[in-house]
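Straight from TrEMBL, the features:
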ACT_SITE  C164  active site, acyl-thioester intermediate
DOMAIN    53-180  domain 'LRAT'
TRANSMEM  198-215  transmembrane segment
Amino acid sequence: IVRPWLEPLLTFLVEKLSLVSNFKLFESSWLDGKDHELPAQRGPLPPPRRGDLLEVPRTIFTHYGIYLGDNKVAHLIPDILPVLTKDEKLISSVITNKRLILGCMYKAATVRVDTLEDFAYGCNILVNRTDKLMKAQAFPNEVVARRAEKLMGAIPYSLLWNNCEHFVTYCRYGSAASRQTEKFCECLKSIIRDQRSVIVTGLLGIISIVCFGMAPSTTLPTILVPFTLWMAG
């Protein structure tokens, strides 16, 4: 039997988990249509052209790059190694998950060139789908490729404000934008505007006080977080 005070909490959690599940966190939602799609490691389909914008849907996000020709792709990716060493050979090796996670935490990234296969990482590649959605006209492909090549090297990273999608949209359209960031912010707004967030955070605060005792580290968040959500809602 679910206690009455738990019902709104459980309903809220189920709704928000469902929202995030449908949203797929950072994955862009695109219009269905006749998109140029390349299986990552399949047969003799026409290769992308130099300057094409490549998109690789992953499990919870979408990765982007600019095709440079000769099976090479320029893309922005978090990487801690350029902060630690100047050894170009070591930096150019395939980025491991550990390097990527540490790069995210340190807010360090690099614009680098990898093979088409390493960029795709076994996923399908979609070509120039953002052309349908951006208001700005795409630059000529050679201009796009040159803009990407000029940005090679270490670069500050932000998951929301300077990610791989910002890089490719800047190169191809002249202005950095990220639909993934926009969708994520919309999701956060919907949670903040839902007044049940106040109830949930208040209950969690009370539970923390019961479990860990009355202290500034438990009392202040219990008061300030629900109050902030109430004022922002």
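Just so it is clear, glycine is given a Cβ too, placed from its N, Cα and C backbone atoms.
Remark: secondary structure over the domain 'LRAT' (53-180) totals 49 helix, 38 strand, 41 coil, with classes taken from DSSP. Averaged across the domain 'LRAT' (53-180), pLDDT in this predicted model comes to 92. Residue environment of the residue listed as 'active site, acyl-thioester intermediate' contains 23 other Cβ atoms, counted within 10 Å of its Cβ in all protein chains.
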